């Protein structure tokens with residue numbers, strides 16, 4: 001009984017240690033930059049735990065490890081929505097229980113060199129975790145290295161998945177080495193078996209470093225675009241006409257200050273849903289004397305009298321095409337709402353408002369979008385009653401153009417996914433501008449975790465990435481993955497960035513092939529599992 005308790009306690013300690021190291025590897029409450037070197041060893045406790053546990057218990061340890069890891073790592077999400085933390089915990093209970101079960105099957109079947117296939121499985125699960133309605137990119141191991149541009153430039157080939165593979169392989173191989181050494185107590189013999197894979201890992205690590213060094217883009221002769229990013233630091237939980245007017249006045253004053261101090265600014269950017277109310281809807285469908293309409297017309301008058309374009313985040317309301325413009329009965333029920341980026345060019349598309357438009361395509365699950373209303377009507381109503389704002393999904397990665405520049409504008413959550421910025425790049429974008437509002441969490445940790453993923457969007461496509469945020473992290477990241485300028489969090493200020501632009505573009509392997517490495521790992525994992533299952537059936541039939 002005592003031995004069982006000690007055995008269980010040690011397993012529990014391994015699960016807790018793995019969860020803590022996982023969370024500390026990313027931006028966290030102790031260090032906003034994270035402890036990136038922990039990422040190389042963070043998963044060792046999990047892989048050791050899998051070596052020690054039986055297949056039938058791997059589900060439970062996976063559920064516990066996943067829930068604890070993301071509870072610590074994503075603790076700030078409690079402030080986003082009362083349901084969010086429960087959804088995250090439930091998701092990673094299920095995901096990690098399946099992941100640990102698969103990893104244990106691989107460990108049992110391939111034995112000594114299971115760490116190779118376990119690495120492939122882990123990266124495959126990371127990739128699959130980003131897909132579909134529940135897609136969520138936070139927690140991918142590769143993102144821990146965001147502050148090492150020379151290493152992560154290889155993402156222009158493999159995406160973030162190549163960096164994840166490097167980190168997970170080290171943990172899996174080290175755990176296997178430690179476990180065998182513990183069993184055999186013969187360091188020389190064990191070392192001989194693991195010398196080759198570790199030499200290959202070291203060679204790969206330095207190959208990535210060399211690739212990063214030799215592919216650094218010389219930006220000294222690049223064209224420059226001076227762009228002002230406004231960070232208003234407003235409270236997103238406050239919402240009435242007086243608040244909207246005060247927010248507008250703050251945005252206007254900050255913009256005028258920037259334009260006065262830097263008259264050669266070419267574009268001013270306001271963050272996600274920076275201006276409320278809906279510009280097009282209130283201009284077209286509400287009375288001229290309606291307070292919302294008056295505020296909209298005041299904004300349009302201001303924009304039309306500027307000398308530069310303005311890129312503005314707005315809740316874009318449009319009439320459903322199924323209904324006629326001439327029928328004004330129950331208009332609110334006929335409106336489709338989009339989270340949008342609107343580009344206004346003075347004297348061209350401001351009055352009446354016909355801005356160039358991009359509408360957010362990848363919405364936050366449950367709080368911005370729930371596509372299963374007919375299947376789960378009660379749950380849908382429950383979500384609506386709990387402070388959710390549902391938007392329609394945009395359909396195209398439209399580029400917004402001014403002067404000689406073509407900009408892609410992923411909105412908030414969207415820059416955590418590589419495929420959206422890739423779509424902009426493929427269409428010919430030469431600047432990526434992300435509009436974000438992370439102020440709802442009131443957490444610098446949340447904002448730095450988000451920033452860590454944005455850095456990869458720059459190196460994947462070798463495009464400059466600008467982030468205009470409500471409260472942080474407003475920043476300019478160059479094509480080499482260097483954060484050139486960044487405002488402190490939770491202040492009202494303007495970042496005026498001299499953005500290096502390669503007007504002819506700089507297409508990468510990732511720009512063409514996207515997440516092929518994640519797909520490849522998934523295919524190999526499926527083939528491995530099929531091979532194991534078929535082999536089991538063959539052995540059973542031979543026994544009979």
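Every residue gets a Cβ built from N, Cα and C, even glycine.
Computed from a predicted structure; not experimentally measured.
These come from Swiss-Prot:
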ACT_SITE  272  active site, proton acceptor
ACT_SITE  360  active site
ACT_SITE  412  active site, nucleophile
DOMAIN    225-501  domain 'CN hydrolase'
TRANSMEM  30-50  transmembrane segment
TRANSMEM  57-79  transmembrane segment
TRANSMEM  91-111  transmembrane segment
TRANSMEM  115-135  transmembrane segment
TRANSMEM  157-177  transmembrane segment
TRANSMEM  197-217  transmembrane segment
TRANSMEM  514-534  transmembrane segment
Leading contact stretch, 30-50, 57-79, 115-135, 157-177 vs the transmembrane segment (514-534) - CB distance under 8 Å: 115-135
Rounded inter-Cα distance in Å - residue 412 (active site, nucleophile), residue 360 (active site): 9
Cβ atoms near residue 412 (active site, nucleophile) (within 10 Å, other residues, all chains): 24
Cβ neighbours of residue 360 (active site) where a neighbour is any other Cβ within 10 Å: 27
Length of the line joining the Cα atoms of residue 272 (active site, proton acceptor) and residue 360 (active site), in Å: 10
Within the predicted model, mean pLDDT of the domain 'CN hydrolase' (225-501): 91
Other C-beta atoms that fall within 10 angstroms of the C-beta of residue 272 (active site, proton acceptor): 26
